[in-house]
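*Asks:* Just lifted these from TrEMBL, have a look:
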- 1-20: signal peptide (SIGNAL)
- His306, His310, Glu329: Zn(2+) binding site (BINDING)
- Glu307: active site, proton acceptor (ACT_SITE)
- Tyr392: active site, proton donor (ACT_SITE)
- 471-610: domain 'Peptidase M1 leukotriene A4 hydrolase/aminopeptidase C-terminal' (DOMAIN)
Amino acid sequence: MRLLPALAFGMLMLPLAVYANDPNSYAQPDQVRVTHLDLDLRIDFPHKQLDGLATLKLDWKNPQAQSLVLDTRDLNIAKVEALGADGKTTPLKYALAPRDKQLGSKLTIATPRRPAQVRIVYTTSPEASGLQWLTPAQTADKKLPFMFSQSESIHARSWVPLQDSPAIRFTYDAHVSAPKEVRVVMSAINDAKHPLDGDFTFDQPHPIPSYLLAISAGDIAVKETGPRSAVYAEPSVVDKAAHEFEDTEKLIATTEQLYGPYAWGRYDILVLPPSFPYGGMENPNMTFATPTVLVGDKSLVSLVSHELAHSWSGNLVTSAAWRDIWLNEGFTTYVQGRITEAVYGKPLADEEALLSARALQKSIGAMPVNSQKLAPDPRGVGADDSLSDVAYDKGSWFLRTLELRFGRDDFDAYLKSYFHHFAFQSITTERMLDYMKPNLIEKYPGKMSMEEVKAWVYGKGIPEDAPLPDSPRFNAIDQQRNDFLAGKLAAAKLDAKGWNTQEWMYFLDRLPDVAPLDKLQQLDAAWHLTGTPNAEIGMRWYSHAIAGGDKDVWTAAAEHMTRIGRLYLTTPLYKAFAKTPEGLAYAEQVYAKARSGYHPMTQQAVEGIIAKAKSKKN
Ligand code: BES
Ligand code: ZN
């Protein structure tokens, strides 16, 4: 098997050295590993900061080690001390390196005596990259302030000093104090009946990687959706969310049937304000979710299937470095499809697979060759660089190919054994392949060769024989789109009354990049796309309308961009506006108003788009 030189070298020296190879962390897990985190946090809303006390339990790997190196970003370190078995503390010397733009500040703690525990007193910055602080006015119910974390990929270090690499797992417990009335939740078992007394405790007994560390606090109500599931959301949102997510128990039970017991106990969902920068985040026991999936018709519930699937692919078996993230996201997107098929039927699962496959076919050729690979050469790959459609959609396409070649029964058994075999471990692509070779490829000879597997994993583009599902409904939409564009079918005559969300997405996705203005206007007149409450449809529609020069949509597009901070739904509109000088000027105006409501990640992304457009202009 082709091993990357750096990884092969590490393996020869010491198996653990493989894990020392995370270029996105300063941690030195071959020297010492954090095994448990004990957190004491005070949520300070007026100052938009956490006052923290982090006690790290250490497992020294090198008996001669002289220091503990941690990841931090914009943390204010007040004190570092060693904690003896007798509870006595001894101050430790430490050095905080200058801030690296990507990695933050390396914290080197002098530990000549290799203490069993180290304790750090610190505060976070109001601009912490992994936290968003909202004033009451920025919430739905306007009563209390709100805050939430988003640690993936490398933002946990902006609110806790730790070894911020997915290769390192630790258990944690936490005590959090907050103003009364506020509910605090974390990525651990949450008690729906916890009194709102400003004093919360949590215990996560399973070892998790740092990117799954999560916290949120605010005016949060709870509604049960099943025997082991509930939704958490602002009071005015919680009923709608409970209705949208009422199938949660069915989804959990279905996944258990496929891949074995749900390992984590409860599965709750926290619906965040619309500034949440992602669709969903698979924080253990408590998925964090965007409210943009609350459409009222359960059409975007695949998000729950996806985040729930991570309870196996990702949270049980984790990619050891960001370069291997397709092991999380590709496997999860495949499992998501299986859950959707079992609960909502094959036609919908096929539509979702086709939507993503067609989008990937369109985009992959324009990417740098290294980014087209599932497992890219890690040199020069930043933490979020591997997080493109390739990880999700080429990854899941590869697994669907395996399923078709080996047959569903044998492939299901294989995948279940894989999750079991690597449960609570962090692995590289190469370890996954080492397991796949004897347990799938060689076990059922003649179905698929290792060369074909490697072409998927290390090759560019999409293999030519990659199988696509067939969707008669999508075929009919292709036909109608063609007829409409050719002038053979009026917009009002499109058979779109019964189109679901995915079918509208598909219709819009495959319009020309710059569609004729008159066609766009006819579409809008017939189907009232401007102002749609469905943000997936809105993002696509406004992108087309802006590109096609339909200025009538600008105000509604601006409203969408201001209300929604989810990167995937908002950045395409900035990009569409940035293509013309007038549009760019408008986008800058929109951003000036929207900025204070955006998450730091969204601010950074939008500022990048605007800066890039301006540099091209000059
Ligand atoms: N783990 C991801 C979100 C993520 C990835 C956050 C990388 C930060 C860095 C999550 O499981 C995810 O994939 N969310 C998707 C959901 C969709 C595929 C249903 C999203 O946010 O759009
Ligand atoms: Zn995911």
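Just so you know, glycine gets a Cβ as well, placed from its N, Cα and C.
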*Asks:* What is the interatomic distance between the Cα atoms of His306 (Zn(2+) binding site) and Tyr392 (active site, proton donor), given in whole Å?
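*Replies:* His306 (Zn(2+) binding site) and Tyr392 (active site, proton donor) have their Cα atoms 11 Å apart.
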*Asks:* Between Glu329 (Zn(2+) binding site) and the residue listed as 'active site, proton donor', find the distance joining the two CA atoms and give it rounded to the nearest Å.
*Replies:* 5
*Asks:* Note down the number of other Cβ atoms within 10 Å of the Cβ of the residue listed as 'active site, proton donor', including every protein chain shown.
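*Replies:* 23, counting other Cβ atoms within 10 Å of the residue listed as 'active site, proton donor'.
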*Asks:* Over the domain 'Peptidase M1 leukotriene A4 hydrolase/aminopeptidase C-terminal' (471-610), what is the model's average pLDDT?
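*Replies:* PLDDT averaged over the stretch: 98.
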*Asks:* I'd like to know which of the recorded positions listed (Glu307, Glu329, Tyr392) lie near ligand 2, counting only a CB under 6 Å away.
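*Replies:* Checking each Cβ against ligand 2, the ones under 6 Å are Glu329.
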*Asks:* Counting only residues 6+ apart in the same chain, whose Cβ is under 8 Å from the Cβ of His310 (Zn(2+) binding site)?
*Replies:* Glu282, Asn328, Thr332
*Asks:* Between Tyr392 (active site, proton donor) and Glu307 (active site, proton acceptor), how far is it from one CA atom to the other, in Å?
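*Replies:* So the alpha carbons of Tyr392 (active site, proton donor) and Glu307 (active site, proton acceptor) sit roughly 13 Å from each other.
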*Asks:* Given the recorded Zn(2+) site (His306, His310, Glu329), which additional residues of the same chain have their Cβ within 8 Å of the Cβ centre, ordered by sequence?
*Replies:* Gly280, Glu282, Glu307, Ala309, Ser313, Gly314, Asn328, Phe331, Thr332, Thr333, Val335, Gln336, Tyr392
*Asks:* Restricting to the chain of Glu307 (active site, proton acceptor) and a gap of 6 or more, list residues whose Cβ falls under 8 Å of its Cβ, or answer none.
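*Replies:* Non-local contacts for Glu307 (active site, proton acceptor): Ile269, Gly280, Met281, Glu282, Thr287, Ala289.
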*Asks:* Note down the number of other Cβ atoms within 10 Å of the Cβ of His306 (Zn(2+) binding site), including every protein chain shown.
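*Replies:* I get 23 for this one.
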